[in-house]
Amino acid sequence: MQNFEIDYVEMYVENLEVAAFSWVDKYAFAVAGTSRSADHRSIALRQGQVTLVLTEPTSDRHPAAAYLQTHGDGVADIAMATSDVAAAYEAAVRAGAEAVRAPGQHSEAAVTTATIGGFGDVVHTLIQRDGTSAELPPGFTGSMDVTNHGKGDVDLLGIDHFAICLNAGDLGPTVEYYERALGFRQIFDEHIVVGAQAMNSTVVQSASGAVTLTLIEPDRNADPGQIDEFLKDHQGAGVQHIAFNSNDAVRAVKALSERGVEFLKTPGAYYDLLGERITLQTHSLDDLRATNVLADEDHGGQLFQIFTASTHPRHTIFFEVIERQGAGTFGSSNIKALYEAVELERTGQSEFGAARR
């Protein structure tokens, strides 16, 4: 079975300069390369091990044109590196994957690519590099040897996971597809209830552990919630957020906040109750409260996470900063803890249990 790692993430954008400026100015990414053809313009950005490609269509012939009309700016391609593109492509298509583009070599003779369908209209470009792994995406000119990324203690090291919203009823078939076509395995599964809302979630991961997809569908038997809202506003399945990992979430959030990134606010009651759930090992309660960073733990250790406020015109995609100190799960207890903390502040009750419905 083929092994996969993240090579780059491509987002389709309405305005290339505006989108690139935001990533460089607010998130401290650096421009690593550019690409242009008769139907598109692209910029490759780099920070840590993250390569982000932004593409603006210049012709209706480019698939970005139809994507943007339907969804607005968003993730269109999660490209994955593998040692044998032809074998991976053939196995995936044989197992039912949509064949988007057959394997072919680029002008860079050492690079072979192919493309298959993923979820919704998001695809996976498969990339085989016979040279160094630090090369630009195919078709780009420039240099990956950038020196100004990560400045100001932002330090986004890589991509921890993608959170993906699916239509109700599509979770099981999508999980089975990634297992069958790409050899992913399930590592986590849960049903989350938050008040009258509920969702089902399954996490699938490549054999190497380098590509992690958190797949989520709304529970048809519960009230509509944030997953339903995303599906409505995005007009279909798609990437809800990208989680960037950091060695120090508190420091990263301080640096990003100074650069103008807005994060979701956490009710003070959450921190009043946090000590009942967790004995903090890394960060102080005061630091977490000051930065709105959430904390959780599992049998492996602790994690610290925070979500940005969405700046998308449709309020769809947003981003996450996550620091793992041994934890292997995804902070699901924070969803319930935040809900109950909001209830405490809303009702003015002093006892945690009294806020439960």
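Placement of Cβ uses the backbone N, Cα and C atoms for every residue, glycine included.
Among the features that Swiss-Prot reports, domain 'VOC 1' is placed at 5-129, with the record citing sequence analysis. Residues or ranges marked as domain 'VOC 2' in Swiss-Prot: 158-309. According to Swiss-Prot, the feature substrate binding site maps to H161, S201, T214, H241, Q305. Here Swiss-Prot flags H161, H241, E320 as Fe cation binding site.
Other Cβ atoms within 10 Å of the Cβ of H241 (substrate binding site), summed over all protein chains shown, number 21. Other than H161, H241, E320, the residues of this chain whose Cβ falls within 8 Å of the Cβ centroid of the Fe cation site are, in sequence order, D160, F162, A163, T214, Q240, I242, A243, F244, F307, F319, I322. The two recorded residues H161 (substrate binding site) and E320 (Fe cation binding site) have their Cα atoms spaced 9 Å from each other. Site extent for substrate: the farthest pair of Cα atoms among H161, S201, T214, H241, Q305 sits 18 Å apart. Same-chain residues at least 6 positions away in sequence with a Cβ under 8 Å from that of S201 (substrate binding site) are, in sequence order, L171, F188, D189, E190, H191, I192, T214, L215, I216, E217, S332. Rounded to the nearest whole angstrom, the C-alpha distance between H241 (substrate binding site) and E320 (Fe cation binding site) is 7. Helix, strand and coil counts from DSSP across the domain 'VOC 1' (5-129) read 31 helix, 60 strand, 34 coil.
Over the domain 'VOC 1' (5-129), the average per-residue pLDDT in this prediction is 96. Across the fold, the C-alpha of E320 (Fe cation binding site) and the C-alpha of Q305 (substrate binding site) stand 7 Å from each other. Of all Cβ atoms in the protein chains displayed, 22 besides its own lie within 10 Å of the Cβ of Q305 (substrate binding site).
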